[in-house]
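Enquirer: Below is one structure. I have some questions about it.
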Amino acid sequence: MRLDIVSIFPEYLDALNISLLGKAQEIGLLEIDIHDLRDHTFDQHKTVDDTPYGGGAGMVMKPEPWALALEEILDASPVEKPVLIVPTPSGEVFNQPAASELADAVHLVFACGRYEGIDERMFHWAHEHFDVRLMSLGDYVLNGGEVAALAMIEAIGRLVPGVVGNPESLVEESHSDDGLLEYPVYTKPSMWREYEVPEILLSGDHAKIAAWRKEQQAERTRTRRPDLWTKHQDMA
Ligand code: 6GU
């Protein structure tokens, strides 16, 4: 999978070079390129924003540097119409099904905006060249799209075949198919600071252990995420 990210703070994306995604790049499963939006400006101050028409607080990102940066990426794209993800709190919710769908893409481009957003005309232009997806991590506000892009890229990247060494670790996890949260896990020692591991996990009875874990998942989901619990019950 190929990923291009455009930002005025390219250093934010340095984290993509460590751990699992860093390794995935080394072995050629992911090709990630970071682009500095300011490289597509021509004035002394590398201006990327201006005051909003109609007034109001904050600054708006100018459309031209975005179009130039994205055109350069389009020219090198392996596909006709890449996916353009624009992280924004006013987008559709990014969740595990979205990550799973996007993990099938050949080329993803992230446009990380700052300030009060990007001039709306950039989106009209972008729709002609990209499959544009405005996506939000949830109902809270970050200062810009960089941290959100990091989160989305990690969620998507780990679903690309080969990125996670043991594909079984993708199966039994929160927000996977059954819609339940993960069960609690324990490791050695069996007694730690007077806290014991639940006896059933030491029993060797795999059917009982599986049943106990399911109960734990149900109880956790019911108490922590009543919204998911309702959905899970509707599924059954
Ligand atoms: Cl995707 N971007 C920003 N700026 N804030 C957010 C977000 C995204 N998701 C939640 N809050």
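Just so you know, the numbers here start at 1 and follow the chain as drawn.
Note: Cβ is positioned from N, Cα and C throughout, glycine not excepted.
Summarising the annotation, TrEMBL assigns domain 'tRNA methyltransferase TRMD/TRM10-type' to 1-230. Taken from TrEMBL, the feature S-adenosyl-L-methionine binding site covers Gly113, Leu137, Gly138, Asp139, Tyr140, Val141, Leu142. What TrEMBL lists as region 'Disordered' is 214-236.
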Enquirer: Cβ under 8 Å, sequence separation of at least 6 from the ends of the region 'Disordered' (214-236): give me the contacting residues as numbers and ranges.
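Expert: Long-range Cβ neighbours of the region 'Disordered' (214-236): 178-184.
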Enquirer: What kind of secondary structure is Gly138 (S-adenosyl-L-methionine binding site) part of, going by DSSP in three states?
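Expert: Where Gly138 (S-adenosyl-L-methionine binding site) sits, the three-state DSSP reduction gives coil.
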Enquirer: So if I take the binding-site residues (Gly113, Gly138, Asp139, Val141, Leu142) and measure from each Cβ to the nearest atom of ligand 1, which come out below 6 Å?
Expert: Gly138, Val141, Leu142
Enquirer: Could you give me three numbers for the region 'Disordered' (214-236), the DSSP helix, strand and coil residue counts?
Expert: 21 helix, 0 strand, 2 coil
Enquirer: Which one of these binding-site residues, Val141, Leu142, has the sparsest Cβ neighbourhood, judged by other Cβ atoms within 10 angstroms?
Expert: Val141
Enquirer: Let me know the DSSP-derived helix, strand or coil state of Gly113 (S-adenosyl-L-methionine binding site), please.
Expert: coil
Enquirer: Considering the binding-site residues Gly113, Leu137, Asp139, which residue's Cβ sits among the greatest number of other Cβ atoms within 10 Å?
Expert: Gly113
Enquirer: What is the biggest Cα to Cα gap, in Å, among Gly113, Leu137, Gly138, Asp139, Tyr140, Val141, Leu142, the residues listed as binding S-adenosyl-L-methionine?
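Expert: So the binding residues stretch over 17 Å, Cα to Cα.
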Enquirer: For the domain 'tRNA methyltransferase TRMD/TRM10-type' (1-230), would you mind checking the mean pLDDT of the predicted model?
Expert: 97
Enquirer: On a simple 10 Å Cβ count over all chains shown, which one of the binding-site residues Gly138, Tyr140 is most densely packed?
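Expert: Of the binding-site residues Gly138, Tyr140, the most buried by Cβ count within 10 Å is Gly138.
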